[in-house]
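These features come from TrEMBL:
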DOMAIN    27-139  domain 'Alcohol dehydrogenase-like N-terminal'
DOMAIN    179-299  domain 'Alcohol dehydrogenase-like C-terminal'
Amino acid sequence: MEAVVFDGMKLKVSYQKDFPIPKIVNDDDVIIKVAYAGVCGTDLHIIQGEFPALKTRPLPLGHEFSGVILDVGEKSIFKKGQKVAVDPNSGCNLCDNCRMGNYHHCSVGGMNSTVGLFSNGGWAQYCIVPQSQVYALPDEITLEQGALCEPYSCVAHGFDRASPLKVGAKILVAGAGIIGNLWITTLHLQGHRDVTVCEMNKTRLEIVNRLKTGYRLVTPDILEKEKAEFDVIIDCTGVGKVMEVNVQYLRTGGKYVLFGCCPATHQATLNPFQIYQKELTIIGININPFSFPNAIGWIKAMGDRYVNYESLGIKTYALSEFQNALDDLKKGLVSKAIFKKLYFFGIIKNEPKLDGVASFNYGVPMATFSSIITPWLPYSIKVLVKSNQTSPNSMGLRRLITEFLWLPSAPSSRPGYHIASKYSSSRIKRAQTRWGCAV
Ligand SMILES: [Zn+2]
Ligand SMILES: [Zn+2]
């Protein structure tokens, strides 16, 4: 199968066409056919040797991904064809931390056993994971959105740790990379309106504008001049020194939420007297314990209004374009790079054979996986379009195009849908390009 493989000994990443396809080993294993898999800042740190990952053998990275169940072990609660997202983190359930409910601090699991860091991850066509780390996605969440469950689950944990965050509080979000953007959507969803976003990269600030939250956008020099104070500061920069400066912008009784993961070598000098006198609270946030259901609930509530690749500044890439994805992310040209598995949506080669017919996504039946061979984006393709675009649950034309283009172009008997050949080829192409697809 195709995979983007990291060699921890040589600190090298390569695209491989013949990485072994996983096979069910345990009763509770599931094999996922990966649809979308994100590149996280942590992955960049791993590739640079700044963050621990498996060294004993090369493996596909990728700990933020969504897909469809391809095969299941005997004790699986999942069914083939189900749309899912994966929580890459787990604990041993035996150590003191796990038994105290802190499995993210597990002495043997937790960060030491993360899928995509210590076992094969989602930068591949298929991935095997234990079912305990798999979550079914509701119909309202697309596979595209599903790939953001993991980062949103970290924000959900941060939100819990920082709570109460009272509506009306004056909040500063420092750093507007993807994590800053996810915090911005979260705060807006929860009703927060007195929010300032500080970011030194102007391209990133322009991306924040696309979210249309009305939040004030500033660069750090403006904050320094204004000397304004905030009730809550959410630091998504991942730069230790930022804390040193920003703590001074906290009001009496303020909270500093340290969310961005700094390299272990970063230092910041704080003034203990200031912390004492102003009764400041400093809150560290580490990954996502018990937060996946919450993240799924948020994404369902947010819908396309917030969880939209275009407005979040996310661009998609084929696995073979991994170098462009990493470069664009490093240069800050995109807020996030996500591998979109083009074969998933069109050409299917060497698919392990499945029996029967799977059905998912709006209940539109899908033919046996191994029999589908639909060319990717022939411009004359007919597109299924929901006829009632004004329905509150409608996610709009773009989503339907991206969700349905890969389907064989057979008419659906489901009421409310019809074949719409009136959508011209150029319009389809434009919609795809806006989603950053490699066509
Ligand atoms: Zn991540
Ligand atoms: Zn444990």
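Just so it is clear, glycine is given a Cβ too, placed from its N, Cα and C backbone atoms.
Whatever TrEMBL says is automated annotation, not expert-curated.
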#### Entry: Within the domain 'Alcohol dehydrogenase-like N-terminal' (27-139), residues counted as helix, strand or coil by DSSP
20 helix, 36 strand, 57 coil
### Query
Per DSSP, how many helix, strand and coil residues does the domain 'Alcohol dehydrogenase-like C-terminal' (179-299) have?
52 helix, 26 strand, 43 coil
### Query
What average pLDDT does the predicted model assign to the domain 'Alcohol dehydrogenase-like N-terminal' (27-139)?
94
